[in-house]
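Peer 1: This structure is in structure tokens; I'll ask about it shortly.
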Amino acid sequence: MAKLTVRADNSSLCYFPHYGNHKVSIFNSSLRPQRLNLLAQKHILKFRVSCSITERQKEEAAEKQRIVKGLKVNGELGKNGGLISTTGDELGAGYGDKEDGFEWSWPPWKNLPQRYKLIGTTSLAFVICNMDKVNLSVAIIPMSHQFGWNSSVAGLVQSSFFWGYALSQLPGGWLSKIFGGSRVLEVGVLVWSLATMLVPYLAGFMPALIFSRILVGIGEGVSPSAATDLIARTIPLEERSRAVSFVFGGLSFGSVIGLLLAPPLIQNYGWESVFYLFGFLGIAWFSGFQLVKEDQPWSFTEPMSWPPSFSRNKLLGSSLGELGTSLKDVPWKAFFRSKAVWAMIYTHFCGSWGHYTCLSWLPTYFSEELNLNLTEAAWVSVGPPLASILVTSIASQFADSLISKGVDTSLVRKICQTIAFLSPAACMILSSLDFGLPPWEVVTILTGGLALSSFALSGLYCTHQDISPEYASILLGITNTVGAVPGIVGVALTGYLLDSTHSWSISLFAPSIFFYLTGTIVWLTFASSKPQSFSEGD
């Protein structure tokens, strides 16, 4: 809170006592520039205004200074004494002296703490990320008709995304560790957005089209590690569950927006419009993110101290050889000697199997097994990601509340991840058994189970930052690389089993149930959020 200390140069002015014997008056200021009207006086008065800023946290000092940036009131009583203006002076005791002046700022969120702006823009990037991921799943139908693609070719085009996604996980984690998550994220968004806009031009030439989708996968593949690094650097432990849930919850919101916007856009403007519009949104985000980064120097968003070998200023000017040396400095052996890391790897694989297979095959299941028409199947497919948005907010509040009350972090992560796995497993068991349930009850059960799997954002996805904020992005790169395999293998295997057995219970639900249950056992047995140094000597 700013304190205005008013002192008169003329002894004729009376004073007001303040907390003791100081002959000054203290007014609470709302930090708005004001001109004070008093009755005309014969005496010439001069006032000095000093601002005292109380730092609540070190990281908010810069924001406080911008809010009071130069509270400055200059002047004198007019010749006839009417208006009082004051001469600005110094910042209050204990914080140095500085003369400033207040300025209104725009946009309204400019004065938000920098970490909130970074988290907000990162979540928006993830919204656009999944919009560009699901657009092809809708556009592939008219594209197949136009270019005469069969199901095998269409499947090849869609799976090519996961090739790039899997290949970019570890490089994305390493680059985020070296250059910082915000830098890698903005490059990733720009790459996948440009590649998305190129799809209409390359659709007639299959190798080029596949390459463009690989680029989309590469751009989106580095983003989770970049976001994890950014969160680890900027967000304290007691806010981390909410930050992770808010950022990665953007994926669910992006799926909903993409699935809702794509059909009317294709119907009215052609399938090309989806790629143009969604790609343009990514480029617009890239431009806006530059403004957010410029609001605050990097040191504000990097509160942790990092080893000298990973100094940002040094590495930015390093040669490729030095960057290769820094890659060797990563304690890879220590990672793979850790039981907690292996638990994260297997758990990530299990969660991805259920997620990717359901994302790809549920619309077909709704249409063929439950006899819903295409319109109904499309709307029903929006249900799980839409419900996940609500569940994500509940899960993050639940986890952070337990941690703030002193509950062990490892226990909180285990509880959340167990809910994330057992809920969809139970719902899939109910759906696969022949209880004679009507279609909409089956849809409701599956939607609820898949929505509850979002508890993983407060479980597995927080553990990387918990055990090692320094290597969080690399750890997520490792687990996400393995987690991308079901997108390549699981989706194809589901189709093969469906052709062989003609049973949705065996082809879609049984493998997912198996991985959910075994993943829960491994997680409860070996997972830990205890910080680890990962030094090679451990």
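Placement of Cβ uses the backbone N, Cα and C atoms for every residue, glycine included.
TrEMBL labels come from automatic prediction, so no person has curated them.
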Peer 1: To which of the residue ranges 118-139, 382-403 does TrEMBL assign the term transmembrane segment?
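Peer 2: The listed stretch tagged transmembrane segment in TrEMBL is 382-403.
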Peer 1: Do we see three or more Cβ pairs under 8 Å linking the transmembrane segment (187-211) and the transmembrane segment (382-403), pairs being at least 6 apart in sequence?
Peer 2: no
Peer 1: Looking only at the domain 'Major facilitator superfamily (MFS) profile' (118-530), what is the mean pLDDT?
Peer 2: 83
